[in-house]
């Protein structure tokens with residue numbers, strides 16, 4: 001199973017009118033690190049999302065089928081994993097060969113290893129953390145306030161008024177996107193290049209990086225629901241599997257039974273390598289089988305989406321073949 005953080009379209013083209021491949025196409029497909037000639041890959045939309053599963057945009061039968069909007073309850077990573085286990089039951093999958101996730105997806109993979117230790121053989125946690133730092137919570141709060149303070153938010157009932165908080169979503173995405181990129185990546189991609197080639201001495205777009213951020217914000221605002229964004233950032237904030245184990249990550253991971261691969265990236269300052277090392281240290285303390293890689297990459301937090309050779313090679317090696325497995329011709333992943 002591939003844990004997602006926004007959309008089930010993880011790889012390839014789903015429809016003839018798709019303009020681009022899925023968000024992790026670099027790693028999922030025939031002959032790729034997550035080899036679909038060997039494995040069945042399941043990617044899903046989480047509860048509370050806006051791309052398929054029930055969420056704030058879904059009709060609320062208890063309110064004349066109006067959109068749930070702000071009435072949709074907050075959910076946690078643990079809630080998501082519980083619903084994923086129910087999906088596994090529905091699919092008839094007792095044990096996953098591997099559960100893999102990057103960023104928020106890595107948190108879900110980690111939660112799986114804690115809550116359902118007998119239901120996965122391998123766990124891959126990429127560019128993630130055992131809980132958010134104060135700085136990360138602060139970034140999320142700035143993004144939320146951008147949405148909540150938009151006059152078009154209408155206390156979360158914007159869909160009933162045929163509106164949406166476009167400006168708030170744009171600002172939220174711009175803030176978030178800055179944290180996904182490293183300084184070096186932004187320097188190489190944009191530097192101080194000017195859009196028109198000269199200073200205009202005004203407040204419209206002048207630098208290429210400004211144009212890029214505005215474009216990303218515009219695209220995001222058209223395709224993502226504001227209430228869903230609020231729910232997902234709170235799920236990030238609340239995530240902390242050690243909370244149920246006397247605030248000890250070591251105790252939280254003491255009953256895990258799978259093999260782990262933990263991957264971080266040198267320029268990722270959103271979820272720095274030190275955060276991954278916290279997970280690794282807790283596993284080592286428990287004498288659990290874990291491999292750890294800190295990949296030298298310049299793309300920042302977004303590095304996990306790129307086919308960086310050592311990263312891809314290591315992921316493929318960890319997943320391995322299926323010759324030693326005694327079940328179906330393809331294993332669920």
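Placement of Cβ uses the backbone N, Cα and C atoms for every residue, glycine included.
If you check TrEMBL, you get these features:
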- 23-304: domain 'AB hydrolase-1' (DOMAIN)
- 103: active site, nucleophile (ACT_SITE)
- 268: active site (ACT_SITE)
- 301: active site (ACT_SITE)
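For residue 103 (active site, nucleophile), the Cβ neighbour count at a 10 Å cut-off comes to 25, with all displayed protein chains included.
Each residue in the domain 'AB hydrolase-1' (23-304) has a pLDDT score, and their mean in this model is 95.
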